[in-house]
Amino acid sequence: MKWAEFRVHTTQEAVEPVSNILHELGAAGVAIEDPQDLVTEWSVKYGEVYELSPEDYPDEGVMVKAYFPMGATFKETIAEVRRRVHNLVSFQIDIGHGTMDYTEVKEEDWATAWKSFYHPVQVTEQVTIVPTWEEYSARPGEIVIELDPGMAFGTGTHPTTILSLQALEQAVKQGDAVIDVGTGSGILAIAAWKFGAESITALDLDEVAVNSAKANVALNSASDFVHVQQGNLLDDVASESADVLVSNILAEVILQFTADAYRVVKRGGLFLTSGIISSKREAVEGALKAVGFLIQEVNELDDWVAIVAQKPSQA
């Protein structure tokens, strides 16, 4: 079968929604070429950069590559990708150039090409993300999360995911009940379990993401503890049921459910939000305060923000 390498030239802000679109429409693998990886202060991320060459990266913006079979429905699939990517603008997401093209590639080439972008990366003091095909020996006390990036929505190395993992690492206590809204790959839910949470619910509206999360949860032998469900944000979630609520999704989506988040978090509990571009920090902080949350901490990495908000104990 013939395969196509489909390329989207976009912005860092749009990387995750663009990647999600590609996965939802059947991409067999997705790779991200971000020149920011060449200059980021990697000591902040704890990890090591592997084989990064400036020649492989665009001069500006981010290149997202996906691999599709060139079958009977290929043209329709590509047309739908273009439509959905351009539609991100209606959600106030800057897609930058937004140019898209594709080239034909041999099956043996694409099958290994995208894997070269993924290696073990230590993203917090305790956590290392390891692709399933890599042999890796954990250090004493190290927490290893295995992911299959070929099907993942968020592979652990995007700044928003790193910020979320760092916040979870500090927030989760032994025996906590944790809810992950917009779970994607399931990485945050898996991490919450490894940090000591007793009951973890992972929610996503998208069926492809739900299946991806379930597979990654199984890879980490966490299926008995992490319950992945299809659902729209916090609809039908019981009040005061989460010690920690975490959500790494776009600011525009977070703004839609701050009141529901306040309802679901227990008194004294925490709401950890990321996926927030710096320019939208004030809007999210304002919405959280408006429903009663207290802002405890704000952390930044590159142009992204994570907010730790607490529901008052006497709420």
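Cβ from N, Cα, C; glycine included.
Quick look at what Swiss-Prot annotates:
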- Thr161, Gly182, Asp204, Asn248: S-adenosyl-L-methionine binding site (BINDING)
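This view paints the features noted in Swiss-Prot onto the structure.
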| residue | record | Cβ within 10 Å |
| --- | --- | --- |
| Thr161 | S-adenosyl-L-methionine binding site | 25 |
| Gly182 | S-adenosyl-L-methionine binding site | 23 |
| Asp204 | S-adenosyl-L-methionine binding site | 26 |
| Asn248 | S-adenosyl-L-methionine binding site | 30 |
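DSSP assigns Thr161 (S-adenosyl-L-methionine binding site) to a helical segment in the three-state reduction. Largest Cα-to-Cα span within the S-adenosyl-L-methionine-binding set Thr161, Gly182, Asp204, Asn248: 16 Å.
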